[in-house]
Amino acid sequence: MTTLHILGFPRVGAKRELKFAQERYWRKELAEQDLLDLAKALREKNWLHQAQADADFVTVGDFTFYDHILDLQVATGAIPARFGFDSQTLSLDQYFQLARGNKEQFAIEMTKWFDTNYHYLVPEFQKNTTFKANSTHYVNQIREAKAAGHQVKPVIVGPLTFLWLGKEKGEAFNRFDLLKQLVPIYFEILTALAAEGVEWIQIDEPALALDLPQEWLAAYQDVYAQLAKVNAKLLLATYFGSVAEHAALLKALPVDGLHLDLVRAPEQLSAFEDYPKVLSAGVIDGRNIWRANLNRVLDVLEPLKAKFNQRLWIAPSCSLLHTPYDLAVETQLQQNNPELYRWLAFTLQKVAELQVLKQALNAGRSAVAEQLNDSQTAADARANSNVIHKAEIAQRLANLPANADKRQSPFAERIKLQNKWLNLPLLPTTNIGSFPQTLEIRHARAAFKKGELSLADYEAAMKKEIEFVVRKQEELDLDVLVHGEAERNDMVEYFGELLDGFAFTKFGWVQSYGSRCVKPPVIYGDVTRPEPMTVRWSQYAQSLTDKVMKGMLTGPVTILQWSFVRNDIPRSTVCKQIGVALSDEVLDLEKAGIKVIQIDEPAIREGLPLKRADWDAYLQWAGEAFRLSYMGVKDDTQIHTHMCYSEFNDILPAIAGLDADVITIETSRSDMELLTAFADFKYPNDIGPGVYDIHSPRVPTAGEIEHLLRKALKVIPKERLWVNPDCGLKTRGWKETIEQLQVMVEVTKKLRAELAE
């Protein structure tokens with residue numbers, strides 16, 4: 001018989017129940033016991049869904065109140081010493097303080113979990129870190145599930161991945177040196193799990209899909225030789241990429257089974273066909289929302305079944321944490337877009353797909369002929385749908401002129417033409433894009449969406465806000481203005497709603513971090529722009545002022561990265577389609593007299609593949625898609641872009657290759673350190689380094705901004721330096737926004753006068 005198991009389940013509930021309960025708890029509106037009871041009910045529901053789908057085990061230990069890597073920091077005693085908490089007796093309040101900070105300590109840093117849109121809390125390791133086992137989190141969930149009558153498989157992230165994902169703090173050392181102390185702690189935790197009578201323990205080592213240094217790889221043999229002494233079978237789970245290059249190492253590890261991601265890396269299967277133990281085949285996509293073609297999946301699984309027999313397990317490619325909970329609640333989508341609805345599968349539907357596969361493998365395809373037929377019909381309909389495939393778009397992409405993604409003239413010539421008409425002072429000041437979104441603005445948008453506010457009233461509300469934003473910027477004497485983006489709820493959703501080829505769910509939420517969930521748009525078909533999206537707002541804003549108004553768009557790579565993307569054509573093609581659609585908007589803005597246009601790309605770096613060898617290909621198509629988004633603009637139109645991340649050094653040639661006339665970046669928190677990289681690289685175009693951190697309501701002093709600007713002037717020629725905040729101001733309040741910008745403008749004017757002498 002084939003074994004079915006799940007690597008992990010979403011934690012937040014079908015309708016984000018956990019999120020709302022957490023937030024009420026933080027506001028002191030919910031008692032701790034009520035939060036614990038709700039969490040227990042969610043776990044029981046998750047286990048029941050797995051059991052009802054004929055899973056041979058329910059997975060435990062995957063549920064968390066905030067983050068599974070934070071749970072592991074508690075379980076190994078590796079919580080940051082700076083908090084002064086004891087990991088053995090940590091209260092729920094203290095747990096949340098680690099994640100969210102308190103009056104004395106800032107929160108543990110957060111970063112992306114591999115190349116997903118989930119964020120984990122980064123372990124802080126010090127030379128003198130001492131570990132201490134605390135298996136309570138896992139043991140309690142095992143007992144709870146067993147009490148409900150389930151067969152249980154706990155999951156824990158492995159020691160090498162855990163250590164790799166952390167950062168060294170304090171005195172310089174190599175965190176790898178902590179491994180020999182960490183492994184006995186893991187052994188202690190696993191022993192406690194085995195003592196609960198579990199047959200299998202799943203240990204996740206996704207770091208194996210990265211370019212790990214040789215000493216880390218070499219350590220796997222010794223680490224797992226020690227852990228294998230535990231009185232339970234170990235399933236080593238890899239995901240997010242191929243581990244074929246480590247096949248010899250993995251086959252030699254003294255574990256009892258291996259999980260492979262055959263969705264992300266189907267080609268790796270050939271390297272493991274002679275694997276002598278349990279092989280868990282990750283065949284249902286744990287990261288996207290499309291139904292699988294089950295006949296095709298069986299074409300892969302049936303030969304494996306013949307070879308492995310009882311040793312074949314089936315599973316999703318990775319944890320289902322990255323997919324929404326249940327498609328069945330999307331009644332609106334089913335009504336408005338029944339065709340698309342039939343092509344989708346959320347977590348519960350993916351579990352049901354695995355159940356069908358298990359039945360087919362155990363009793364033959366005829367036992368599930370109806371389900372397989374339904375799956376095939378949906379796959380065929382999707383392959384041939386004219387809702388998805390539009391000949392004119394394929395034609396447009398195919399017929400792009402040879403240098404479509406190149407400006408007419410080099411930057412040195414363009415900037416002269418731009419400066420001539422812009423006539424800006426030295427160190428021009430501007431904003432990144434958004435201004436504070438008041439409750440009134442949010443209410444007006446929501447009421448308009450629900451049909452409770454007429455179009456005329458909605459437009460009047462937006463225009464009133466735009467005028468307010470323009471007047472405030474004039475009073476502050478900023479040089480290049482923005483319209484403030486009052487009409488936008490989200491920088492990707494706004495454009496997705498106005499582009500063809502996108503759809504939206506109502507409950508398609510996935511966890512980003514803690515209680516924060518995101519609802520990515522669904523890119524299901526060829527992308528076009530039926531009509532202008534931003535032109536009237538920018539044009540209206542420009543009509544209110546003699547100053548220069550900047551148009552604001554989200555770039556193609558960010559739209560791609562923050563969406564669920566169709567899987568029937570390459571991501572690179574989807575990205576180019578978005579770029580070409582945006583170029584129509586850019587040219588319309590230019591025609592409307594908006595000749596400074598910002599195309600935001602905060603997610604270019606996030607899209608980098610896990611392995612360095614794949615970077616160039618990605619950066620090439622991402623760069624091309626970005627340049628296509630402004631194809632055809634005149635030399636005197638100034639293209640800006642904005643990016644916010646802390647690491648540029650390794651991708652600077654690609655950033656320069658975007659050929660934006662001005663790039664604004666987030667630099668205030670790193671004390672302008674980033675700029676040195678731009679200077680060393682001799683970055684050729686204009687730069688606007690952020691001079692204050694918008695993530696804090698704190699108003700910077702004139703001295704702080706002056707210090708940052710003087711540092712910037714040391715490495716960037718004054719003629720090429722812009723002055724701006726780190727990021728958009730959407731989440732700030734008006735009071736601090738005005739005060740922050742006032743300081744920024746005053747300091748700039750002071751330095752301007754000094755430089756003019």
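Using N, Cα and C of the backbone, Cβ positions are placed for all residues, glycine too.
Copied over from Swiss-Prot, here are the features:
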- Arg16, Glu17, Leu18, Lys19, Lys112, Arg516, Cys517, Trp562, Glu606: 5-methyltetrahydropteroyltri-L-glutamate binding site (BINDING)
- Ile432, Gly433, Ser434, Glu485, Asp600: L-methionine binding site (BINDING)
- Ile432, Gly433, Ser434, Glu485, Asp600: L-homocysteine binding site (BINDING)
- His642, Cys644, Glu666, Cys727: Zn(2+) binding site (BINDING)
- His695: active site, proton donor (ACT_SITE)
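Structural mapping of features recorded in Swiss-Prot.
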residue : record                                                : Cβ neighbours (10 Å)
Arg16   : 5-methyltetrahydropteroyltri-L-glutamate binding site : 19
Ile432  : L-methionine binding site                             : 24
Ser434  : L-methionine binding site                             : 22
Glu485  : L-methionine binding site                             : 23
Cys517  : 5-methyltetrahydropteroyltri-L-glutamate binding site : 17
Glu606  : 5-methyltetrahydropteroyltri-L-glutamate binding site : 15
His642  : Zn(2+) binding site                                   : 26
Cys644  : Zn(2+) binding site                                   : 19
Glu666  : Zn(2+) binding site                                   : 22
Cys727  : Zn(2+) binding site                                   : 25
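The two recorded residues, Cys644 (Zn(2+) binding site) and Asp600 (L-methionine binding site), show a Cα separation of 10 Å.
Note: His695 (active site, proton donor) has non-local neighbours Asp726, Cys727, Thr731, i.e. same-chain residues 6+ apart with C-beta under 8 A of its own C-beta.
Taking CA atoms as the reference points, Gly433 (L-methionine binding site) and His642 (Zn(2+) binding site) are 9 Å apart. Gly433 (L-methionine binding site) carries neither a helix nor a strand DSSP state and counts as coil. For Glu485 (L-methionine binding site), the nearest of the binding-site residues Arg16, Leu18, Glu606, His642, Glu666 in terms of C-alpha separation is His642. Close to the recorded L-homocysteine site, the chain also has Asn431, Val482, Met491, Met552, Gln598, His642, Gly728, Lys730: residues not among Ile432, Gly433, Ser434, Glu485, Asp600 whose Cβ is within 8 Å of the site's Cβ mean position. Maximum C-alpha to C-alpha distance over the listed L-homocysteine-binding residues Ile432, Gly433, Ser434, Glu485, Asp600 is 13 Å. A distance of 24 Å separates the Cα atom of Lys112 (5-methyltetrahydropteroyltri-L-glutamate binding site) from that of Ser434 (L-methionine binding site). Using CA atoms as reference points, the binding-site residues Ser434, Asp600, His642, Glu666 were checked against Leu18 (5-methyltetrahydropteroyltri-L-glutamate binding site), and the closest is Ser434. Cβ neighbours of Asp600 (L-methionine binding site) (same chain, under 8 Å, six or more residues apart in sequence): Gly433, Met491, Met552, Leu553, Thr554, Gly555, Thr558, Thr641, His642, Met643.
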